[in-house]
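Structure first, commentary second.
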Amino acid sequence: PFPNSSDLSPPSFILASIPGLEAAHFWMAMLLCSMYILAVTGNCVVLFIVKTEPSLHAPMYFFLCMLAAIDLALSTATVPRVLSFYWFNTREISFSACLVQMFLIHTLSAIESTVLLAMAVDRYVAICHPLRHAAILTNAATAKIGLVAMARGVLFFLPLPLLLLPLPFCSSRVLSHSFCLHQDVMNLACNNTTPSVVYGLTAILLVMGLDSILICLSYILILKAVLRLASWKERLKVFSTCVAHIFVVLAFYVPLIGLSVVHRFGKDLAPLVHITMGNVYILVPAVLNPIIYGVRTKEIQRRILNLI
């Protein structure tokens with residue numbers, strides 16, 4: 001039962017379901033719930049360990065705490081609503097709730113991208129300018145970087161829901177995902193969406209696009225510095241300090257690129273592909289980040305073993 005006429009202020013959108021797999025919704029929700037519990041537990045453990053261990057009060061671990069807090073907020077802004085859809089078949093989401101969720105997803109993703117760039121710069125300074133590292137990346141500077149990351153995300157992505165507010169929406173209000181994304185909501189509008197398309201693309205390029213380029217540049221400079229070292233043993237030892245961050249960057253950008261490709265070129269793909277890519281984008285980084293740093297960081301490993 002969808003309305004047949006356009007409405008300037010649509011009462012609700014309809015979250016996507018997978019045709020023919022309605023009977024499996026309970027088990028899909030159990031899988032998502034298990035991943036969500038794992039993400040919340042892992043990131044809370046990281047926050048607790050860094051807070052209670054004075055030896056970890058350093059910029060690299062403060063950035064890791066920011067990453068954990070962002071992953072907690074991003075998964076909590078989406079997964080509970082997805083679970084209520086799968087378990088209780090509450091497919092409708094109000095227009096205002098959809099815009100708020102969309103704003104949170106894009107803003108938190110932008111903040112996470114900025115933090116990943118800051119972590120890359122931290123590794124660059126630590127390897128290429130070790131004597132200046134403590135002077136450049138102080139605790140105060142780290143806090144300021146966190147505030148700049150928040151302000152950057154909000155300022156760039158607050159216009160996205162504002163640009164959608166005046167648009168009329170057509171009779172079909174069925175989304176492609178189990179939560180709200182800008183591209184998805186925008187595609188349901190009946191009117192000219194050019195300003196929204198142009199601004200959304202510009203924001204993505206100036207935040208995630210620019211950050212990814214600068215991260216690559218940081219690692220090119222790091223690689224050049226590492227290759228100047230005398231022995232392969234020294235090179236591997238120095239570069240191993242970057243491995244965890246490289247995996248975390250891949251865990252964030254690969255699902256982001258995959259989701260963008262699906263939206264751009266996957267209009268004829270099955271709904272399962274859209275929904276799966278959306279869930280991967282929301283949950284996989286939040287699950288993997290604490291595991292990656294837990295495996296690769298001896299200080300966190302030791303503290304976890306002490307807790308156990």
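Using the three backbone atoms N, Cα and C, a Cβ is placed for every residue, glycine included.
Heads up, TrEMBL stuff is auto-annotated, nobody curated it.
TrEMBL annotations:
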DOMAIN    42-293  domain 'G-protein coupled receptors family 1 profile'
TRANSMEM  26-49  transmembrane segment
TRANSMEM  61-83  transmembrane segment
TRANSMEM  103-125  transmembrane segment
TRANSMEM  145-169  transmembrane segment
TRANSMEM  197-222  transmembrane segment
TRANSMEM  243-266  transmembrane segment
TRANSMEM  272-295  transmembrane segment
Quickly jot the same-chain residues contacting the transmembrane segment (272-295) by Cβ under 8 Å, restricted to those at least six beyond its ends, or write none.
16, 18, 21, 32, 35-36, 38-39, 42-43, 45-46, 64, 67-68, 71-72, 74-75, 78-79, 82, 105, 112, 176-179, 181, 244, 247-248, 251-252, 255-256, 258-259, 262, 266, 301, 304
Tertiary contacts of the transmembrane segment (26-49), as residues 6+ beyond its ends and Cβ separation under 8 Å:
56, 64-65, 68-69, 71-72, 75-76, 79, 82-83, 86-87, 279, 283, 286-287, 289-291, 293-294, 300, 303-304, 307
Please give the sequence-distant neighbours of the transmembrane segment (243-266): residues at least 6 beyond its ends with Cβ less than 8 Å from one of its Cβ atoms.
67, 109, 112-113, 116, 119-120, 123, 176, 181, 183-184, 204, 208, 212, 215, 219, 273-274, 277-278, 280-281, 284-285, 288-289, 292-293, 295-297
